[in-house]
Structure formats: C-alpha cells, structure tokens
C-alpha cells in the first residue's frame, strides 16, 4: 500500500514544473493547507507563482520551499519518464523527488498530523512557497519577503526543505550559506592578423597575468562557520576558432563565494584595483546573488538537533557549504534559519530518486519540530 506522503509526492512530481513554471503544484498545496484552516495569500509575479500561508498567531515557525525543478536533460539518460514517478525497490524516482517535492509532501503531512493532535497550538505555523528558486530567483522568495516586510510581518524560525542530508536524514543541516557575486570582465584589444602582431593588441596576452593576479586574491581566512572566500573562473572566451586572427576581446567570468568576513564592496574594490593598476581597456559588470548568512546556536538549532538525535539517532553536522539558497532572502527578516531535507546524492541528476522510508522519517522530524516550537 502506498502511504499518503508518497501519493502526495507522486502527485507533485508528475507535474513538469520546470523553473519558473509551477503548472499547478501550488494549487495542490494550497487546497491541502486550506482544508487545515490556513489563510492563503497568493503573490504571483510574471511567470512565478508564490504563496504565503499562515495558521495561528504569535511566534512564527515557517516551512519554506520551492515547487520548481531543473530540466531533466536528455530523456535517454533516464530509465523512466522523469515526470511519471515510479516506485522500484523502495525508491521513488522522478525529477524533483529529492529537490524538493518529496520534502514538500513531508511538510504538508507533518502539518496535518500536528494540527490534528494540537489544534490549539501556541504561535503561528506558516508556509512560504515559490516556483522561482532554481532559475533567476528574482520574482520568488525575495518578492514574498519584500511583501512581508512592507506589512511589518515576521518570521521567527524558518525550516527550509533543501536536500542537504548526506547518508542519513538529518546527518547534515545547513545553518548558513556563503554569499555569491559574479564578475563579467571583458578585456578589449585590437583584432588583427596573427602574422602581424605589432599591428594588433592581443587581449589574451594582456589578460593572462591579470587573471592569475585575480585568482591569487586573498580576501579572508574564513571563520568558525565559513571557509575562506574563494574565486573561480566559470566561463572564458576569446576569438571565433580561427587560427590566424588575433581576437579583439577576451571575456572572463569570475565567481566569488564569500564568507561573513568579507563584503561585496571589498570584493569589488580588490578586483577593480588589479584592473586599474595594469593599464588595460576593459568593461566590467557585476551580478550579485546574495550576502552570506549564518544562524548561530539558538532555539531553532537546539530543537532541530534534539529532534534528529531522538528520532533518527544521528547528531547533525552544521554546515555552510554548497550553493546559495533562498535562505539569503529570509535572513533579512532576522529569522533563525536551518535547512533540513532529503538526501542530496541524486539531485539535478538523471534518475533522481528518494527513499520512501526517508519521506516518512522527514515528516516525523518536521512534526516534532512543530511540537517543540509551537506547544
């Protein structure tokens, strides 16, 4: 017999909600929460669907997540249709099963169980759901947070269902994330025949020593929560593949993942200082993804840790590694934030799956967190 969590997860996975399209996932969630007595506010912007659901009053525990998924890629690498969820040997396969429709199903079932047992709980239980997490993240959680701040609304504790477990549910939880900023640098030269270099200005030759200087930038040593700030090249391009032309420009894209020891301003200053000291013609633009954030030990981490130890017999490791998450937007509300979800070993891969037993384990832990913070 397929349990209610699995059925709900299958229902969500069967919808091809490639970011930022929701295509009906949130309608399923909204109907579910409406039946539990939640007040729902839809905040839809352009192609993005968002909603904010609340039940109760007082200190607010929010469960946050996203209904969008990354594209499945070439179907030939899947054993089954990625949007036709199938169960094999206790595993539920499908795009979004781990990231993060399985966790959404666990959240919903956990809230249903909690409310049935504790209909008059103290405080407020809420959901913040978006369909724009995997792509631009422009019209998603950020806009919902802007709306909540404009209304002077609050979030005290937030559990984000991102898949950060490694080998056992809850063995790794995220209590922060690094900041991210991208530099798009174009070094301009003069195109010419490669046999007459004195009549051209090769931007690759000019750019190579500058690239090495940028890669050697040391911004900080990190701290107890974060590794040192890092810089990596993500894209580089010059020329059109012709072997007798000196290209007219060199494009290099750098990404910085930065700790709380360094600011966006400091990164930009060090970067442009290197460029300006080398007398080159360049153009530069930046894309800022978000600042780092950290939740230090407090009520949320303490209670989540106790839940995981008691219910899954493992002590969680606190981590801030990995990519950015929507926690960077929620952090602006001064909330305590922890990311706790399913396994991350198959996310964004073909044949993504989740163990059905893990859906139930996660729901039990989520329900216990509700009990600890709202009763």
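Each residue, glycine too, has its Cβ placed from N, Cα and C.
Long-range Cβ contacts of residue 99 (Zn(2+) 1 binding site) within its own chain (separation 6+, distance under 8 Å): 69, 70, 162, 163, 342, 344, 347, 348, 352. The feature Zn(2+) 1 binding site is assigned by Swiss-Prot to 66, 99, 162.
When secondary structure is read from DSSP and collapsed to three states, residue 68 (active site) falls in the coil class. Annotated active site per Swiss-Prot: 68, in sequence order.
In the three-state DSSP assignment, the secondary structure recorded for residue 99 (Zn(2+) 1 binding site) is helix. Positions annotated as Zn(2+) 2 binding site by Swiss-Prot: 99, 134, 348.
Taken from Swiss-Prot, the feature active site, proton acceptor covers 133, and the record attributes it to sequence analysis. On its own chain, residue 133 (active site, proton acceptor) has 19, 66, 68, 140, 141, 325, 326 as residues at least 6 apart in sequence with a Cβ closer than 8 Å to its own Cβ. Secondary structure from DSSP puts residue 133 (active site, proton acceptor) in coil.
Other residues of the same chain near the Zn(2+) 2 site, with their Cβ within 8 Å of the Cβ centroid of 99, 134, 348, are 69, 70, 96, 100, 347. The Cβ of residue 134 (Zn(2+) 2 binding site) lies under 8 Å from the Cβ of 19, 20, 66, 68, 69, 70, each of which sits 6+ residues away along the same chain. For the Zn(2+) 1 site, the Cβ centre of 66, 99, 162 serves as reference, and the other residues of the chain with Cβ at most 8 Å from it are 65, 100, 103, 133, 134, 160, 161, 163, 325, 341, 347. Between the listed binding-site residues, namely 66, 348, the fewest other CB atoms within 10 angstroms of a CB are found at 348.
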